């Protein structure tokens, strides 16, 4: 076997999947999807074809042309990270039909009961497939190397509607013939064609990596905010929908700016779905339908910077994709650079510089986090036997950004813009590795390897000496005020009069990891940071309070951990409680997780469990 990806059973000598046609019946009563997957390969194949699955039960594998069974086997011992290998024995076929069902514990899916939604009347389900969770929804070659087009026929309750990372084709009644293969998986046509059911059809015509497969089903409403953009939320969440429409009103301007910088927008639509608070990420760049946490809605338009990041992925990450997660920086480093270029034009250079400053602080914090695991401080790092969710960090984002910025600084912005457009045009709809990028870089910028130590940047540990810490008046002022706090001086009201969330975030992140409890409480008494509506500020302050042994804030910490599921907030707060705290803090961490666990997405559950098992 010649693996193409340390996180997949896919064999590089096998043909890759090019198209998947899915029929999906969503059963909200059991939290199970009954489905069939028609996989089309790049060429006919004879031999053992390896597929990735996780917690999937296969009823049968058929030749779609003859409907004759195709032999297959399922590994008896699941791999802790990769899941369960399914080996299908093909005899010259170029396609195969798999009838299967998912598990209630599918790692990509979070099923919400009616009581967990705004209306309290209807259930909700959504996906999160990055990095390696598409395999828990359908059998596939779950690697970014296998770019797929897909069609979906989705059967859902008629009181609900669906959105996907795909073009919506139509909503219609079900027909019995669609269920004939699913009957082998114990789902009859009577259920498929139930009076309370409806079918939604979708099509994704551009080839995408499997981790960008996405859907959400619930009672959804939307607002038009631009010619290419709708904002969706639960229809009962009127206040959230109104606030989101206001927060993201400038989206079309950002799309136009992205097109000026990086070339045509290839995905037609750029819609946004604000998910329930349990969504584990800030945003997910699913093409045509970006998923967002409600915590990015801050009321001052700064949440649009998350949208700028997901928009930038439309070129770097979605058009050009890392071939596997060892090269994740190719997705996120370029996208962080592209995001800041968009923000610089739309919101101003000062805001972009603040972004860089916050990122710089985050990068230095990650160096401390990984001081005993330096492999994780490399851009191109080895991940054999490593769960990508466990080592998710700011390194590929911020060190990757620094590397891209280093190239721009070397050749100048005008030349770099030309290079970037050529890079995107050359590799669009392809998945590449670091070496491919470096060879392209050296071919198009002759002598660059003599000016920049490319190997040190991509394979070296830590932060290279020629990285760039931002310089601006506001950045320097905030860093200076943070240093003064160490000496017992609090910022005056004049100092912070024009601060928004980003300024406070930068300030808090540059304070000592722990302070005198009286200092922390005095800061909060004056500026009410623990009550901030901006979770970046609130969580940064609460993290400081926990590490400073300010137990007066335990109630607010508990409340925060129970109302949001974004891992950016769960990780630092649970780590602070478990690692920096005493017996009381460790007990609080265990208690809160026990109470909140079922409200978190399965990916977030796994991350918190890993933190608690490490420190408690």
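Glycine too: its Cβ is placed from the backbone N, Cα and C atoms.
Per Swiss-Prot, Zn(2+) is bound by 309, 313; the candidate from 326, 332 named for the same site is 332. Each of the binding-site residues 566, 568 was ranked by the number of other C-beta atoms within 10 Å, and first place falls to 566. Residue 397 (active site, proton donor) has 309 as its nearest neighbour among the binding-site residues 309, 566, 568, going by CA to CA distance.
Take the recorded positions 283, 309, 332, 397: by the count of other Cβ atoms within 10 Å of each Cβ, the lowest one is 283. Rounded to a whole number, the C-alpha distance linking residue 566 (substrate binding site) with residue 332 (Zn(2+) binding site) is 18 angstrom.
Each residue contributes its Cα atom, and for residue 309 (Zn(2+) binding site) and residue 285 (substrate binding site) those atoms are 8 Å apart. Neighbour list (residue 285 (substrate binding site), Cβ cut-off 8 Å, at least 6 residues apart, same chain): 212, 309, 310, 313, 314, 317, 318, 335.
Across the fold, the C-alpha of residue 130 (substrate binding site) and the C-alpha of residue 332 (Zn(2+) binding site) stand 13 Å from each other. Its Cβ taken as reference, residue 310 (active site, proton acceptor) is surrounded by 25 other Cβ atoms within 10 Å in the chains shown. Distance between Cα atoms for residue 568 (substrate binding site) and residue 332 (Zn(2+) binding site): 16 Å, as a whole number.
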